[in-house]
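Colleague: Pulled the feature table from TrEMBL, pasting it below:
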ACT_SITE  B:Lys207  active site, proton donor
BINDING   B:Ala10, B:Gly11, B:Val12, B:Gly13, B:Thr14, B:Val15, B:Gly16, B:Ala17  NADP(+) binding site
BINDING   B:Lys107  NADPH binding site
BINDING   B:Glu192  L-homoserine binding site
DOMAIN    B:351-452  domain 'ACT'
REGION    B:381-406  region 'Disordered'
There are 2 protein chains.
Amino acid sequence: MSEILRVGVAGVGTVGAAVARLLKRQAKALASRTGRKIVVTAISARDAGKKRDADLSDVEFFADPVALASSNKIDLFVELIGGAEGAARKSVEVALAAGKPVVTANKALLAAHGLELAALAEKKHVALAFEASVAGGIPIVKTLREGLAGNSIDRVYGVLNGTCNYILSRMELERLSFEECLKEAQRLGYAEADPTFDIGGFDTAHKLAILTSLAFGVTIASEAIDIEGIERVTLADIEAAEELGFRIKLLGVAQRTADGVEQRVHPTMVRKTTSIAQAMGVLNAVTIDADAVRELTLVGPGAGGEATASAVVADIADIAKGVRSAPFGLPTATLEKLKRAPLRQHEGGYYIRLSVPDVPGAFAKIATRMAERGISLESIMQHSPPDQDGPPLGRPKAARRVEKKAKPGAAAVGVILITHATSEHLVREALDDILADGTIDAPAQVIRIERE
Amino acid sequence: MSEILRVGVAGVGTVGAAVARLLKRQAKALASRTGRKIVVTAISARDAGKKRDADLSDVEFFADPVALASSNKIDLFVELIGGAEGAARKSVEVALAAGKPVVTANKALLAAHGLELAALAEKKHVALAFEASVAGGIPIVKTLREGLAGNSIDRVYGVLNGTCNYILSRMELERLSFEECLKEAQRLGYAEADPTFDIGGFDTAHKLAILTSLAFGVTIASEAIDIEGIERVTLADIEAAEELGFRIKLLGVAQRTADGVEQRVHPTMVRKTTSIAQAMGVLNAVTIDADAVRELTLVGPGAGGEATASAVVADIADIAKGVRSAPFGLPTATLEKLKRAPLRQHEGGYYIRLSVPDVPGAFAKIATRMAERGISLESIMQHSPPDQDGPPLGRPKAARRVEKKAKPGAAAVGVILITHATSEHLVREALDDILADGTIDAPAQVIRIERE
């Protein structure tokens, strides 16, 4: 057995403490697997005296993570500080510059500076590993970078944010509103007091930018992502989805198209029978479409101290064994510049919910406007929003697939269209026409359908 | 870039040709990822002149795979001959002895001789890689060996045989009998003329033995597996499963218990809402329960030329990069000898279908015998087999959960029990009593329930 691998951990919260615990718990197996004894020898944290859920009594404490990063008392630096700038960025740069391999869970840092950091790691011939930065305990980075090395990847998409998935799952299972579920998630600690970063889709976007680079051999371009959050998803949408055999997930999707690479984050209809639809609650899931393997789906925990630590420790073990890959699979200098495919060119099916104040004749007017743009409809149906039917009783009401006459003085009713594959801009144009016609009394709810 | 990696492929059928195609198609990316140009320079196959679905015109032909294995014209040997003995075994031994890394898709060889071969590979400091041997294109070996290196694994289970999964899926989706679906599978080439190896569970057992070793750090013990095939699964079982919210899969399950390691292959009830239940048709799926990551599921293609080749090429790429792990994760000498847990000690829930000739009082008699063994029932219900109701009309009939009086002269009816977790031997003993009582007129159908 060669020498001890001395690990320094900066940021000792839930994940950092779990990393220390796992490295101790699995010490014997890891030494046997990697040929080296792996030991946390130093940490850095804001509060030296804080009680932590790990035995760190024999470990040197650094007040400054940057000092830890360059210390000759460690051989490998684990960055768990978080954030795209500040101490996180500085300490990772310093560690790499000092020729130390780095393991990080920091998606924001990678989304913003991943390429420079990867180039620095390559220049110094050390590893920069970040399995924990995307989808927590799911080994998706390894799968894309190594497991599918013989594939050309066409699309990668996933449920990448546990907060959003928890909220959407609760809405579906408990027939609660978005607002109620968000409050509950905040109470349980699954959502922040200011939940924008999660529910607005920004966290998913950071992770998606990393997956896109790994999957397609392109540069990280987190600014070239079309992002919609889940704030506008209503219980009416959730129920209509269920009736139609779909489930609504916040997906991050990266896809090669003739126009470049689409990167989009938005609420999405996925068929209930797909593997990705089974990821409920705080679970994450990622599906990869590739030429050789066709479709591969990984489902597992996207967050949590031990699950995230599992990914960190796997990276540490690879480094201990001497494995060195280019951080994004291909050497950074050879990554192609990502060409952004415009969202208006996106091709796919659409779920469209319209609020129609005056039903008679409305189906005809709507169908005509769609036909003018060459949009082919799979179905058009009336759907009563739940608040018109009193509280839901477990199962949603079956959709009525025949056109009904509006009762005199009735409130606006929901009309739901499912389109066959078409272009985003045609849908937007047709909906503008329908709004201008006065057929609908508010802008439409549009949710993209992701084909298997 | 360092020197070319010269690959020799023995056995050039569907998978071998796909490996050659993939290595060519991805030549540039693989060279960039691994730092080496990877080229198939030699092949061995039974028929030199056979037309193959790959351009092999510039490749040297060896009539004898063993001669190819030791040839100084290759740096890496790919074994795709198949079979636990003969040319497959001999050529792998010769290649390893000659200090050449080996990539194989041969589960039978590994199940029978994996430990000796791994020991030989370690002695010669070369890789023995076999991602393709289990679950085709799903990177389950890499996930267990590297991705979950920081975990202690409690259970691994999977749908590992596409033939069985195809048959069970067709039975469920088309309401066809086992025999009809088997014939169809044979016509489509998904099942062999003699299907015993697949439907009897033996193929699944080979794969399970490999997963068990990887997951638990124990020796391969394919002789210590309890195996039941799918031949006895009836449409009545499939329908009852559906009504109860389950789906029947042929699972290979390896589980740590207080008594040792359970390795079992049998038809299994899994909840329809689980990720593993979504693997339909020829798909495979594997779920891992581990201490840190909790539950991780991978779903993907278990067979097919390109999907299997994807796994072979990933192994080749790792070797090209210089990655070397012990074949089974831990050094072979340190693998613990597997202690077989007896199946009669298995703890779990059970689905039990009984054929009851005389219904009045039968529920009471059955429930009493179960209670005598301390078996707690979740439900007991009468279930009409489909042949008593005429051809099924898409949806199964709802189970009647109330006891009905038998019509005079009525045929035997099905009674279905679902037990809470109990011990296998208690179930067997209770059923022996019920049979001896004359309450049932044939041995019970027993299908184990696998908890999430």
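Backbone N, Cα and C atoms are what each Cβ position is placed from, and that goes for glycine too.
Any TrEMBL annotation is an automated prediction that lacks curation.
Computed from a predicted structure; not experimentally measured.
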Colleague: With a radius of 8 angstroms around the mean position of the C-beta atoms of B:Ala10, B:Gly11, B:Val12, B:Gly13, B:Thr14, B:Val15, B:Gly16, B:Ala17, what other residues of the same chain does the NADP(+) site pick up?
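Modeller: The surrounding set, listed in chain order, is B:Val9, B:Ala18, B:Val19, B:Ala45, B:Leu80.
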Colleague: Minimum Cβ neighbour count within 10 Å among the binding-site residues B:Gly11, B:Gly13, B:Gly16: which residue?
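Modeller: Comparing Cβ neighbours within 10 Å for the binding-site residues B:Gly11, B:Gly13, B:Gly16, B:Gly13 has the fewest.
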Colleague: Quick one: of B:Ala10, B:Val12, B:Val15, B:Ala17, which of the binding-site residues has the smallest count of other CB atoms within 10 A?
Modeller: B:Ala17
Colleague: Compared by Cα position, which of the recorded positions B:Lys107, B:Glu192, B:Lys207 is the closest one to B:Gly16 (NADP(+) binding site)?
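Modeller: Of all the candidates listed, B:Lys107 is nearest in space.
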Colleague: How many Å separate the Cα atoms of B:Gly11 (NADP(+) binding site) and the residue listed as 'active site, proton donor'?
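Modeller: Cα to Cα, B:Gly11 (NADP(+) binding site) and the residue listed as 'active site, proton donor' are separated by 20 Å.
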Colleague: Give me the non-local Cβ neighbours of B:Thr14 (NADP(+) binding site): same chain, 6+ apart in sequence, Cβ-Cβ under 8 Å, ordered along the sequence.
Modeller: B:Asp53, B:Gly304, B:Gly305
Colleague: Can you grab the distance from B:Lys207 (active site, proton donor) over to B:Gly13 (NADP(+) binding site)? Cα atoms, rounded to a whole Å.
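Modeller: So the alpha carbons of B:Lys207 (active site, proton donor) and B:Gly13 (NADP(+) binding site) sit roughly 21 Å from each other.
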Colleague: Where does B:Ala10 (NADP(+) binding site) sit in the DSSP three-state scheme?
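Modeller: The three-state answer is strand.
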Colleague: On the 0 to 100 scale, where does the mean pLDDT of the domain 'ACT' (B:351-452) fall?
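Modeller: So the average pLDDT across the domain 'ACT' (B:351-452) works out to 81.
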